Amino acid sequence: MKVLLTNDDGIYAPGIFAMAKEIASRDEFEAVVVAPDREQSATGHAITVHKPLRVNNVKKLGEKLEIPFYSVNGTPSDCVKLAVESVMDEKPDLVISGINRGANLGTDVLYSGTVSGAMEAAILNIKSIAVSLVDYDYEDYSTAASYTAYIANIIKDNPEEFENGTLLNVNVPAVEANQLKGVKITRQGFRQYENIFEKRFDPRGKAYYWMAGKVIEDTSDIKTDVASVKENYVSVTPIKYDLTDYNLYNSLSNWEFDD
C-alpha cells in the first residue's frame, strides 16, 4: 500500500517523524513524506496561488528511515496536491496527515491544516486519515502512530467498506498505551473558543492584537469525539467535504420563487 504522509506542523516536527517511522517499519506500506517546510497550523484549506511552490529533498531525514522526505514552501493542501500530481510516480492508496501536536475536535476541523491535508486527499478521491495527539506538550507520539497504522491496515484489508475519498479524523488521548480504553467511532462534538483579543501597543504607539481565550467543550454526549477522548478512547470520526444541510435543503426545495 502506497502511503503519502503530510502534516501542518512542518517536516521537522516530531509527530510526522514518529508516524513515518511507524509506517516505514511495516512491510505492507511504502511511504513518501511531503510536508510543509515550516509550521502551517490553523491554515485551514488554504492553497498557494501567488508564488511558485518549491520542493526540496530533505536527505538528512530520509536517510534515517530510508524513505523519501520532501519539504514544500506551502500549505498541507499544497503538499498533497503537489505530491499526487508531480512528486510521486504513482497515486497513493492512502494519505495520512499528522501526527498533529494538539487536538482536532469539533469545529477544529474547519481551521485545521492537518485535517485539510487529509481533506485534500478526499477531494482527489484518495482514502485518508487525519491524526492528532490531544496535548500540545506530550512528547511521546509512538502510541498515536501505532493506532494510526492499525487503522490504516483496517482500511487496506477492507476496501469494500472504505471508498476512495473516505476521511477518518482520529484523535488520540495523550496517555500511556495501557491507559487507553480502546477505539470508539464518534461524531463531531461541540468544541469552540471564547475569543479574546489582547490589545497591545508597539514602540510607535500603534495598536496590535494577540488572539487568546479559552476552549469551550460540551462533553455531555458520549458519542462525540470531544467526550470520547476525555474518557481515554481513541476517537475515529468519519467526515467529508460535503457541507450541505440536507434537512434545510429538503425544506427549501419546496419554496416557490417569483420569476
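Positions of Cβ are set from backbone N, Cα and C atoms, glycine also.
In sequence order, N7, D8, D9, G15, S112, T114, A130, V131, S132, L133 are the residues of the chain that are 6 or more apart from N100 (divalent metal cation binding site) and have a CB within less than 8 Å of its CB. Taken from Swiss-Prot, the feature divalent metal cation binding site applies to D8, D9, S41, N100, supported by sequence analysis.
In sequence order, N7, G10, A13, G15, E39, Q40, P76, G98, R101, G102, S112, G113, T114 are the residues of the same chain, not among D8, D9, S41, N100, whose CB sits within 8 A of the CB centroid for the divalent metal cation site. Listed in sequence order, the residues of the same chain lying 6 or more apart from S41 (divalent metal cation binding site) and placing their CB within less than 8 Å of its CB are D8, D9, S112, G113. Ranking the binding-site residues D8, D9 by C-beta neighbours within 10 Å puts D8 at the top. Under the DSSP three-state reduction, N100 (divalent metal cation binding site) is assigned to strand.
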